[in-house]
2 protein chains.
Amino acid sequence: MTGTIKLNKVAIVGGTHGNEFSGIYLLRKWRETPQLIARESLSVDTVFANPKAFEENKRYLDSDMNRQFGTDELCNLELANYEQSRAKAINEQLGPKGAAKTDFIIDLHNTTSNMGPSLILLQTDAFNRQLGAYVVAKMPNAVVVLEDHIPVHEHTFLSSITQQGVIVEIGPQPQSVIRQDVLDWMEEMTGHILDFVDLYNRDALPELPSSFEAYKYQETLKLPENDQGERLGMVHRNVQDADFKVLRHGDPIFTLFDGQEVYWEGDYEAYPHFINEAAYYDNNLAMSLAKRVMIDVN
Amino acid sequence: MTGTIKLNKVAIVGGTHGNEFSGIYLLRKWRETPQLIARESLSVDTVFANPKAFEENKRYLDSDMNRQFGTDELCNLELANYEQSRAKAINEQLGPKGAAKTDFIIDLHNTTSNMGPSLILLQTDAFNRQLGAYVVAKMPNAVVVLEDHIPVHEHTFLSSITQQGVIVEIGPQPQSVIRQDVLDWMEEMTGHILDFVDLYNRDALPELPSSFEAYKYQETLKLPENDQGERLGMVHRNVQDADFKVLRHGDPIFTLFDGQEVYWEGDYEAYPHFINEAAYYDNNLAMSLAKRVMIDVN
């Protein structure tokens, strides 16, 4: 089953958000020492996605670049601000989406949430199931998140340019800071992913565990707000930093500024992540919720 | 000794930096519920120092407001950007510096560093020694930092408008985020400070410990950089989050991006703080160093 399709042309993308520093500094390192990301069956390019946002020490200048890669957005020539234009240029360079000259994208991100080294998969075909199993086997503190609730091509993420691609999401790291632990995790995870793709291409994968744990995206919760969209509360202290810890019906989830507590009323065991991510305050998003699932590899 | 000078007119300032949210949200709360900050012998005003930076979700628009309160800066009418203008307006409202109508300023700040609830004192006269002892006695996880290496009036901080004033500095909190633990610490520490000033005014202070531990500022270290001022390395993982943990000659302090380690070569036992503070990357500042000292209260 493996090896029927080869993924030889890989792009590692950093700085899709200009204030997520780990990927930006790793790209710089790898451009100076390209043998670190070289693998036998791969040609690996690096792409610095949003250099102007980095210069200005911001997530973006005009709009979030990692929401500009939907087919509609890429085709709409009216969408012409900096990130929308840069998205079209990157789609030209790595894609075009739907018929991409690149086989596999690794897009490097940081979060202020306590998510540790997380690997976000956009589908659960055989390739991704094996990839997740391999990364978790090599890096036991890695967490696999599934955002496979829509088909890959319907995503608006940069990594949806190619049919196969992943997001490496490492935290906690404040915006505009470099933490060594976070940088090291990102470098390690990226290395395992490159190893996997190379082994996959060469039909040389080791024996993999038959299943692994993953967190499947369900929904996004907003912070408590009033009719004017002003925040009325914050993430409850029990939930802060508790990414991937179970939340049950009746558990406190928010504290209002007047001291009142709000409880979660969902009907499933939820695993919050992206808890209190700074970049999501624009839209008053408090966290994402996932269900814990076991993925059978074969 | 206490009670000879009364400090009746107090100002609590939040949002001196627009992306340090705890003070901004506490001001909002206290404006709705002013009895929370009311004390018998005090009139307490609240000042939202940089509302435009908050609107734009930035530390500042043009320049760091908390460096605009030197006597020279306040007198220099050529300094006319937003923060420089706003500083003059605040000086008019609370000051003027040198002859201020306000007796005591509490300026509320957040840091991305793991400093916990820190109280920064700008001098160690009898009032401040008692204040530090009181806060530490009431809040055992509080840390007292002394920035008394220059006279108060030579500081360029907002809180230097008045002869007596403190900075409440709470972390770790990413920029543009509200953490409940950090908010709660800030509210608690501010309450103890108000209590102290009120008790001091009324000659009603309880018995205080005879001495307490504090961290006296020595110097600021820069990140490793090349001749062009580009960062060559980052805070060493052993030092990350280790605010107020001792650093000795020969301990690793930075890791260069090529993997090489840099060791601290100072000749004293240093206590780093403001480690990897996001806002200080502008100037490639890595951390401040302090010496641990015991302060005799009487």
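Backbone N, Cα and C atoms are what each Cβ position is placed from, and that goes for glycine too.
Note that TrEMBL annotation is computational and uncurated.
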Same-site residue for Zn(2+) (record: TrEMBL; known: B:His17, B:Glu20; options: B:His109, B:His149): B:His109
Between B:Glu169 (active site, proton donor/acceptor) and B:His109 (Zn(2+) binding site), the C-alpha gap once rounded to whole angstrom: 5
Chain-internal residues, separated by at least six, CB under 8 A from B:His109 (Zn(2+) binding site): B:Thr16, B:His17, B:Glu20, B:Gly23, B:Asn66, B:Ile167, B:Val168, B:Glu169, B:Ile170
Remaining residues near the recorded Zn(2+) site, that is with C-beta within 8 Å of the centroid of the site residues B:His17, B:Glu20, B:His109: B:Gly15, B:Thr16, B:Asn19, B:Gly23, B:Arg59, B:Asn66, B:Leu108, B:Asn110, B:Thr111, B:Ala279
DSSP three-state assignment for B:His109 (Zn(2+) binding site): strand
